[in-house]
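What follows is one structure encoded as structure tokens, with my remarks underneath.
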Amino acid sequence: MVKFLINRPVAVFLSFIGILFFSFLALQRLPVSLLPNIEVPAIIVKVNYPNNPPSIIENSILSPIRTSLNTLNNLKSVESIANSETGMLKLQFEFGTRMDLAYIEINEKIDRLQENLPRDMDRPQVVRINTSDIPIARIQVIPKEGSDYTQTSELTDRVLKKRIEQISGVSIVDVNGFQGQFISITPDLDKIRALGLSEQQIDQVLQGANRDLGRLSVKDGQYRYFVRIANRLDNIDEIEQLPIINREGDVIKLSAIAEVKFQSDKRQGYHLSNQEEGLVVTVHKQAKAKMTELTPLLYEAVEEFKKDYPQTNFELTQDQSILLNAGIDNLKTSLIYGGIFAFAVLFLFMGNVRMPIMMGITLPISLLISFLFFYAFGLSVNIISLSGLALGLGMLIDNSIIVIDNITRKRKDGLDIVEACVQGVNEVMTPLISSVLTTLAVFVPLVFLNGLSGALFYDQALSVAIILGTSLMVAFVLLPLLYRKFFENLKRPIKEDSLIFKGILKLYKAIFSVVWRFKTISLILLIALIPLAYFMIIGAHKKGLPAIEKTETLVTIQWNEPLDAEENKRRVLDLIAKTAGSTQSESDIGLKQFLLAEQSNSIESAEMYFKSESTEAKLDLEQKLTAFLTNNYRNASFQVEDAPNAFDQIFSSDQKFFIVKWKQLSGNERLDEEMLAKLENDVAEIVNEPPRPGNGFQFGESMEAVIDNKALSFYGISENAMKDALSKALDGYMVTEIRRFGEVTPIWIQRGSEDFRSKLNGISVQGRRNQSYPLSSFVKFEYIKDIKAVTADKTGIYQSLEWENLDDASIEKLQAQLPAKAAQYGLSVDFDGAYFQGRENLQQLIFILMISVLLLYFILAAQFESLVQPLIVIFTLPLGISGALLVLMICGGTLNVMSAIGIIVMLGIMVNDAILKIDTINRLREEFSLSDSTNTKRQILQNAIAKTGQIRLKPILMTSITTILALLPVVFSSGIGADLQRPLVYTVIGGLTIGTFTALFFVPLSYWVISKKRD
């Protein structure tokens, strides 16, 4: 094939130009996003039922929904939590479930269930979760001093939201902090009684004046018209002028006996930006949109808003494109430095400027062609696929160096330019293909990991396969043709090795002679490093992502007191003023209005985001926040942590490490406080580590209304009339609503703003013969301790104890002893938590790695036609891992996602070198056996090993030095990109340093021992 193509230069060059043209078009159309567009197998159902406790929300809403949804196909788990006024139910499905169909089925079930749910609540919201649902930016909308907040809310909801939605690439715009308004009617009860009126008359007049009486069909000549008989209210003036007739027949305007005015909605939550109340708009991108193009458009839109609406301040915050730009910059850096150092190393080792130029041509061509396959396979440019490209760049450089070096060596042997290109490529074609397959054998099985991790690895594995495949195509087809064109008219003989390489070769021969003289000792010393990898992996500090130099802090607070939103806001402002000062901050207080929010809502909770100027300032702020909350709010539970970026949000889980769930064996009731105290004591006797009570285990102060039913019966007052009067007295009630052009304004009857006990004294309830009695005579209020939240799963209500961390021995004790304890109390106990998921993932990972090693062995056995020689390559892997982890630990790094990718990069290059060395030894042994019949098999073997060492020395050193030098600048760089890449760099440098010595000395020594025994 190579011989045919090398004699068709025009066809090959034009073919590559055509491919590059389509690759460029594909690159323009590739979606650019932070993460791959992956359906997360989870759906959230959110309910909002104002002025109701957790028990009502659980029994009346969440329990029926949970029972109905338990029959869904592929449903893995159900978790629900009922708080005051709100509830949330999270459904986890098996990965691979069609979430669009599940979403439709859930909505259908809720629609069928709607008539069994409370009629005065809004329909439950069903929200799908997707990796693209992470907002790419937040826009702060802050009214200036003197501006009306309600008008700013309307501007945001009706104008700004729609303008942002019209930007190309935006999918969803979500708003928090919105405040609507309603018409409030506050009756003057003294005037009403004096004029002989009742509150019911006001209700009847309002409802009668705002009624649609139906439609008629009227024929007028040849035409037929539909007539709407309507009696509608249009504005507040019409409401004030409504006539009410008393018993004497006097006509009284509503405004004479009641105050009618616009009033802002009662706040259940707030959004603050730098201590100023405002709204926040979160922007979500479409799956196929380019994030790099969308983000600048958002900045432009913010600037336009500032000009168009000068009465409002705007600011774009939490721009998530920073992470993506860091990944793109890393790829550019790797390509630039890789090209520069490959150029320099090739020039120093080869002493020829043409070879580095060829490398400079093939590297970007390989990268550009890979984007054509990205488009063909439906991949997007994101952090995951970019890391796959960066991973493949090392192998890309490696393949080009090996091909160039082998063709050059053939020319030195006296072959003409065409034959040197043909034989040089054919000789390394099989081992290079094997090395690519072995790299994929190590990496590709990771796509079979369960869940989101496997789906993310799919993008990375596919991008690695693409870049390695295109690099082989370019190395085997374009590179020999370029070599021929660059050197076919060269009159002078090809230049010998440079003086630098000659010096290195001399040093290598001296070291190899010593190692060869003490073969047994050298091999034992190298083999002793193999178990070191195991102990280093066990002892390494493990973390999901590398420690990035962060300046952002997230504080979540649960006050554990029955606060309203206003008091919550006051506490947050006090906290920020006394700790953060002028530090940039955002706060979401109380109930959030975000449609796509995944966390459960609570009026007593608050979430604060701070952006400090430096890491030192961040640490100082976190200490102040912790101290202030600890000293001033002892009942509050809070967490101060690094603010999560988009990557953290996908991989992080709010599930605790280890959870013990207690349930009633009979019934679906909660445990009382006394029983919960017993269970806590039992757990304390088994393990020393104290647990944290779960949401269903926590109690708070509440108020209970105790109705005197005997008195009600004596005075002939119905229980429903009593409850209705009590509800109207405390909460007010909606009578009707004004609808104009799609705009809905509720009309509420309300009491004054006095204390609720005073309200009760002013309200009466009717008994027999329409006799009125004061409401306060039939009800009294008591303070009680009640459950703060109700938690439940598939099987019903549970209450839990949770641990953030717990050793295996303690977990085994709890699993062994708690079931018997639970049985004594007539309870059942279940165990849950991230601990079990981690164990499952670890077992799965071990199994997948075993498959990888087995695949590696099969590929190498087929390559070498030997069952023993593949073991040499496999035993080089732990040696490289030892070197990688050693450097990682010396530099203070952790074993995380990026360092793991670095190990895979390093192993790919190591395996490549080992395969080529073994393949060359096999080939030379065969050649020497045919050409030299005087030497013994042992002499032939020794000559083949020595010759191979000299032949492969140059490409091994060039590959390692080029890769190490290309990555070295990252160690001394700063910024989020460098922080992400640094663990990868440490592992590659450490592994390749040991790997170079392994390829130069361990492989030939192992080959000698195995072949000597066989011979």
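Here, residue 1 is simply the first one shown, and the rest follow in order.
Positions of Cβ are set from backbone N, Cα and C atoms, glycine also.
Positions annotated as transmembrane segment by TrEMBL: 334-350 (among others).
Residues or ranges marked as transmembrane segment in TrEMBL: 357-377 (among others).
Only residues 6 or more beyond the boundaries of the transmembrane segment (383-407), in the same chain, are considered here, and those with a CB under 8 A from a CB of the stretch are 34-36, 323-324, 327-328, 330-331, 334-335, 338, 342, 346, 350, 355, 358-359, 362-363, 366-367, 370, 374, 420-421, 424-425, 427-428, 432, 435-436, 439, 456, 459-464, 466-468, 471-472, 474-476, 479-480, 483, 647, 898, 901, 904-905, 908-909, 912, 916, 954-955, 958-959, 962-963, 966, 988. Taken from TrEMBL, the feature transmembrane segment applies to 383-407 (among others).
The transmembrane segment annotation in TrEMBL covers 428-449 (among others).
TrEMBL lists 461-483 (among others) with the feature transmembrane segment.
According to TrEMBL, the transmembrane segment annotation covers 514-537 (among others).
Annotation comment: TrEMBL describes 845-864 (among others) as transmembrane segment.
If you look up TrEMBL, you'll see 871-890 (among others) marked as transmembrane segment.
Proximity of distant same-chain residues to the transmembrane segment (896-916), defined by a Cβ-Cβ separation under 8 Å and at least 6 residues beyond the stretch ends, is recorded for 387, 391, 394-395, 398, 402, 428, 431-432, 434-435, 438-439, 442-443, 460, 542-546, 856, 860, 863, 872-873, 876-877, 880-881, 884, 888, 952, 955-956, 959-960, 963, 980-988, 990-992, 995-996, 998-999, 1003. Residues or ranges marked as transmembrane segment in TrEMBL: 896-916 (among others).
Positions annotated as transmembrane segment by TrEMBL: 956-978 (among others).
Long-range contacts of the transmembrane segment (984-1010) within its own chain (CB-CB distance under 8 A, at least 6 residues past either end) are made by residues 394, 508, 511-512, 515, 519, 522-523, 526, 529, 868-869, 871-872, 875-876, 879-888, 891, 893, 898-899, 901-903, 905-907, 909-910, 913-914, 917-918, 921, 941-942, 945, 948-949, 952-953, 956-957, 960, 963-964, 967-968, 970-971. For 984-1010 (among others), the entry in TrEMBL reads transmembrane segment.
Beyond its flanks by at least six residues, the transmembrane segment (871-890) meets 438, 526-527, 529-534, 536-537, 540, 853, 856-857, 860, 899, 902-903, 906-907, 910-911, 914-915, 918, 983, 986-995, 998-999, 1002-1003, 1006-1007, 1010 of its own chain at Cβ-Cβ distances under 8 Å. Just going by CB pairs under 8 A, the stretch in 357-377, 428-449, 514-537, 845-864 that sits most against the transmembrane segment (461-483) is 357-377.
Within the chain, the transmembrane segment (845-864) has long-range Cβ neighbours (under 8 A, six or more residues past its boundaries) at 430-431, 434, 437-438, 441-443, 445-446, 448-449, 870-871, 873-874, 911, 915, 918-919, 922.
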